[in-house]
């Protein structure tokens, strides 16, 4: 049975430069990843109905740390460093990418990945790499096509259908939805997916403990 979580109760736990400085690797985490201007912080703020939970910046590439938020005991959302922003110094970019890759490959509690892309510019190389990595380790993916309010209804549907077809060759557990923080479009789909992931995994953990 799918439990409904109170995302408005989500609270900030810690910011860390790398995996070694994070909280204990137990429980369940779902990570939010995307290019530096994809609207990750806005999506997290909209999901939790908290204006300042995740800091939004007019300057893409400011989210340099892995940020952890607790929904309830043992259930966390993770805001990962934005990737692919050209104006960040190369050395800093490499450092972020290393922290990002290390988290994605070594974090045992990571159980789902939300990949955010601007609906007008979806499936850039790094976006596709992120999806491929998730599929390789059998991690379910929710793709959110953000800033959907920037397109008229017909164009929005066309982009949604195009991306849904484009991810089929990945052969993974991938769902694609349009999303707008401004218009609250797709927020219900995001909540449903998170509820489903967290409920399924919490139930599985309880069964393991009972054995």
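Cβ atoms here come from the backbone N, Cα and C positions, even for glycine.
Note that this is a predicted model, so its numbers are computed, not measured.
Residues or ranges marked as GTP binding site by Swiss-Prot on the basis of sequence analysis: 34-41, 61-65, 79-82, 146-149, 179-181. According to Swiss-Prot, the feature Mg(2+) binding site maps to 41, 63. Taken from Swiss-Prot, the feature domain 'EngB-type G' covers 26-200.
Features as recorded by Swiss-Prot, highlighted on the structure.
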{"residue": "34", "record": "GTP binding site", "Cβ contacts under 8 Å, 6 or more apart": "40, 82, 83, 115, 116, 117, 127, 146"}
{"residue": "65", "record": "GTP binding site", "Cβ contacts under 8 Å, 6 or more apart": "15, 16, 17, 81"}
{"residue": "147", "record": "GTP binding site", "Cβ contacts under 8 Å, 6 or more apart": "39, 118, 119, 120, 180"}
{"residue": "179", "record": "GTP binding site", "Cβ contacts under 8 Å, 6 or more apart": "43, 116, 144, 145, 146, 148, 185, 186, 187, 189, 190"}
Item checked: Cβ neighbour count (within 10 Å, all chains shown) around residue 37 (GTP binding site) -> 19
Check: How does the model score the domain 'EngB-type G' (26-200) in terms of mean pLDDT?
Finding: 90
Checklist line | Three-state secondary structure, which DSSP defines for residue 81 (GTP binding site) | finding: coil
Item checked: Neighbouring C-beta atoms (10 Å sphere around the C-beta of residue 81 (GTP binding site)) -> 25
Checklist line | For residue 34 (GTP binding site), the three-state class that DSSP assigns | finding: strand
